[in-house]
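For reference, Swiss-Prot has these:
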- Arg50: O2 binding site (BINDING)
- His54, Glu60, His102: Fe cation binding site (BINDING)
- Glu60, Arg106, Glu116: substrate binding site (BINDING)
- Cys131, Cys134, Cys168, Cys171: divalent metal cation binding site (BINDING)
Amino acid sequence: MLAPALNLPKWLEENSHLLQPPINNYCVYHPSAPATQGYTVMVVGGPNVRTDYHINPTPEFFYQHRGSMLLRTVDQSTSPPTFQDIPIHEGSLFLLPANTPHCPVRFADTVGVVLEVPRPENATDCMRWYCKGCGEIVWEKKFHCTDLGTQVKEVVEEFAADDEKRKCKACGSVRSVRYEDGEVVQPPRAPE
């Protein structure tokens, strides 16, 4: 028997406490569940002001349910790579291509839904931090992703705990784990 449709506003009323830092997400559909094989669907809340960029070997689908978010991306097809901020407004959809470094910045009282497909068995995800000063890669860690919520948290905590990992080899500045207040500005709720 198929499960009933998920009423997102009702789910949020009853479960918003599950959207806790540092990752702020909750998996409502998991690929290991018989009824939802092939998809991971996460409800993601704000604020999330981590500075890490995730590189997923598969595409990611974003739907912004409440408020607006900023998806910071890196276009690696240019030399040097181009940093591009993509606002995703309330009610908007966005499909992020596979292997695109991205840093989803979510603000207070915002909620989105992210859909992912399972990674191929030999695929690796990557968590990466770029230097705020010179744009070089400060540190990265690759891993085979089997549990996004726990594995991302572990890598973020590993980076946060080690000042040497946070130090840029090119210019010597130290990368913070979180954006400072005012460093990233929330886009308007709707496109202008």
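For all residues, glycine too, the Cβ spot is worked out from N, Cα and C.
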**Q.** Residues within 8 Å of the Cys131, Cys134, Cys168, Cys171 Cβ centre (excluding the divalent metal cation site residues themselves)
**A.** Lys132, Gly133, Gly135, Glu136, Val138, Lys169, Ala170, Gly172, Ser173
Q) Out of Arg50, His54, Cys168, the binding-site residues in the record, which is closest to Glu116 (substrate binding site) when you go by Cα distance? A) His54
Q.
What does the structure give for the C-alpha distance between His54 (Fe cation binding site) and Arg106 (substrate binding site)? Integer Å is fine.
A. 15
Q.
Taking 8 Å from the centroid of the Cβ atoms of His54, Glu60, His102 as the cut-off, which other residues in that chain fall inside it around the Fe cation site?
A. Tyr53, Ile55, Asn56, Leu71, Leu96, Thr100, Pro101, Cys103, Pro104
(Q) Which one is it: of the binding-site residues Arg50, His54, which Cβ has the fewest other Cβ atoms within 10 Å in this structure? (A) His54
**Q.** Lowest local Cβ density (other Cβ within 10 Å) among binding-site residues: Cys131, Cys168, Cys171
**A.** Cys171
**Q.** Arg106 (substrate binding site), number of other Cβ atoms within 10 Å
**A.** 26
Q | Glu60 (Fe cation binding site) CB neighbourhood, other CB atoms within 10 A | A | 21
Q) What number of additional C-beta atoms lies within 10 angstroms of the C-beta atom of His102 (Fe cation binding site)? A) 19
Q | List of residues, in chain order, with Cβ under 8 A from that of Cys134 (divalent metal cation binding site) and at least 6 apart | A | Cys168, Ala170, Cys171, Ser173
Q. Taking Cα atoms as reference points, which of the binding-site residues Arg50, Arg106, Cys131 is nearest to Glu60 (Fe cation binding site)?
A. Arg106
Q: Find the one among the binding-site residues His102, Arg106, Cys131 whose C-alpha lies closest to that of the residue listed as 'O2 binding site'.
A: Arg106
